[in-house]
Amino acid sequence: MDFSIKASEPSKGLKTAAAAGGDAINVKTDCLVVGVFEQQALSGLAKQLDTASKGLLGRMVKRGELDGKLGSTVLLHEVAGWGAARVLLVGMGREAQLNAKSFAEATRAAVRALITTRAADAFWSLTATPVSGRDTAWAVRTAVIALRDATYRFTAMKSKVEAPAPALRKVVLTVAADDVKAARNAALQGGAIANGMALTKDLGNLPGNVCTPTYLAETARSLAKEFKLSSEILGPKQIEALKMGAFLSVSRGSVEPPRFIVLKYQGAAAKNAPIVLVGKGVTFDTGGISLKPGEGMDEMKYDMCGAGSVLGTLRAVAEMGLKLNVIAIVPATENMPSGLATKPGDIVTSMSGQTIEVLNTDAEGRLILCDALTYAERFKPAAVIDVATLTGACIIALGHINSGLFSKSDVLADQLLAAGRLAGDTAWRLPVEDEYQEQLKSNFADVANIGGRPAGSVTAACFLARFTEKYEWAHLDVAGTAWKSGAAKGATGRPVPLLTQFLIDREAR
Ligand code: BES
Ligand code: MN
Ligand code: ZN
């Protein structure tokens, strides 16, 4: 999809609105998208449209057909006096109550309605509406990401086309004349983030027999090539040489060889400490010998969504050319039962030297992450953030709205929470207090890999915390947010928006 920016009003040097591309009344487009506020006289572009159509919109308001309620949409076709083939009127709610949340909601509603029109090009004026506490760049990123997100389709595994692809190809976004430059940059950023999300979704949606550890490694290698990143991909022998006994205990039962993937983006001087992102890359989680029940097990192909999101984030960061250093680390493996598989009660030695009693082979995410987190020490990171579909308990705690955020650092936690709010990809903080370590006691090893049912997400985070003492660390449990189940089954691309916003903010400091 192609995005461009135009001024919504003539800038000072220009005589006519048309010269600045702001003549929306006459603009030739498949669909002009216009906001309407609730409980107030028509204003702005809606008022101009009303005048040009001899009061059509005013009459609709009187009849109660156009009320501006948040998220409502009304589509008008070929109205005399307007240049657009269609005009999509979008309810923005009450102007005084317009905030980031309601604006994003109106944006998503407008996107849905616009796509169903099958318009091939659109003129999008919502980005010219000021939103309290947010700048125009934010509104543009929000629109671009919402448009790309809603038009994403995963058809790679279909032998023939079922539904026609979305028709929308070109969108012109209008902004105040003074904001044009910032908006152009924001549109590029939004596009880069959307590309990162699309990669994350593709990797998640691919089945386990295609998206194997080797496939993830090949994806990282081709990203490295395309964006001039450096990559390092380790196989079983090298992983063993590193003494990653916890990681290897998970891959033992599988015929697919594990891969340990390191991808480096250098956007700043080498002396700048990097942000390290670690993603759980279990390309299929059967549970191992502690086998999962069959129902819905197909969704465990999504157990590599943490990995997908750190690769997607690196893609976005590289495309944006952010001036900081970021490293992605992905331990990739299947978790399978077999004669060679790790058994409940087996004790393994992690790269850190800590011994772990594997009481449940289905708590495998923490086993692969702990070795990756130890490996991360060598980069002397400014911060390490791991992303994992780690616990079913996180879905019980937070549902599918917020990702779980765990960190002992208030500063890092607050930065991540704020980035999530800004990007509309929110997280909610849960504790990682040492009091919970009690639940991870083992009679036979240094630590057990499960802590019982109470606070299952917290004890998982506490397990990881034992391997992160050398740096600032945060953990995102995306079990409830990385994909959707049911009729709309599919990866969401989360938490790529949160992570990229965090990195954009980090660059700006
Ligand atoms: N990948 C799962 C977590 C998961 C389950 C995510 C369902 C999303 C939906 C993880 O490896 C797992 O199996 N965790 C166990 C841990 C338990 C054995 C302590 C869980 O959550 O049941
Ligand atoms: Mn599991
Ligand atoms: Zn898992």
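Quick reminder: no glycine exception, Cβ is built from N, Cα and C everywhere.
Over in TrEMBL, the protein carries these features:
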- Lys292: active site (ACT_SITE)
- Arg366: active site (ACT_SITE)
- Lys280, Asp285, Asp303, Glu364: Mn(2+) 2 binding site (BINDING)
- Asp285, Asp362, Glu364: Mn(2+) 1 binding site (BINDING)
- 360-367: domain 'Cytosol aminopeptidase' (DOMAIN)
Spacing of the two Cα atoms, Asp285 (Mn(2+) 2 binding site) and Asp362 (Mn(2+) 1 binding site), in whole angstrom, works out to 8
One of the recorded positions Lys280, Lys292, Asp303 has its Cα closest to the Cα of Asp362 (Mn(2+) 1 binding site), namely Lys292
Densest Cβ environment (other Cβ within 10 Å) across the recorded positions Lys280, Arg366 belongs to Lys280
Given the Mn(2+) 2 site Lys280, Asp285, Asp303, Glu364, its other Cβ neighbours within 8 Å of the Cβ centroid, in chain order, are Val250, Gly281, Val282, Met300, Met304, Asn335, Gly365, Ile368, Ala388, Thr389
Same-chain residues at least 6 apart in sequence with Cβ under 8 Å of the Cβ of Lys292 (active site), in sequence order, are Asp285, Thr286, Met300, Asp362
Restricting the recorded positions Lys280, Lys292, Asp362 to those with Cβ under 6 angstroms from ligand 3 leaves none
Not counting Asp285, Asp362, Glu364, residues with a CB within 8 A of the CB centroid of the Mn(2+) 1 site are Val250, Val282, Thr286, Gly287, Gly288, Ser290, Lys292, Met300, Asp303, Asn335, Thr361, Ala363, Gly365
For ligand 1, the recorded positions of Asp285, Asp303, Arg366 whose CB is under 6 Å from one of its atoms are Asp285, Asp303
Per DSSP (helix/strand/coil reduction), Asp362 (Mn(2+) 1 binding site) sits in coil
Result for ligand 2 contact check over recorded positions Lys280, Lys292, Asp303, Arg366 with Cβ cutoff under 6 A is none
Cβ proximity for Glu364 (Mn(2+) 2 binding site), under 8 A, sequence spacing 6+, ordered by residue number, returns Val250, Val282, Asp285, Gly288, Asn335
In three-state DSSP terms, Asp285 (Mn(2+) 2 binding site) is classed as strand
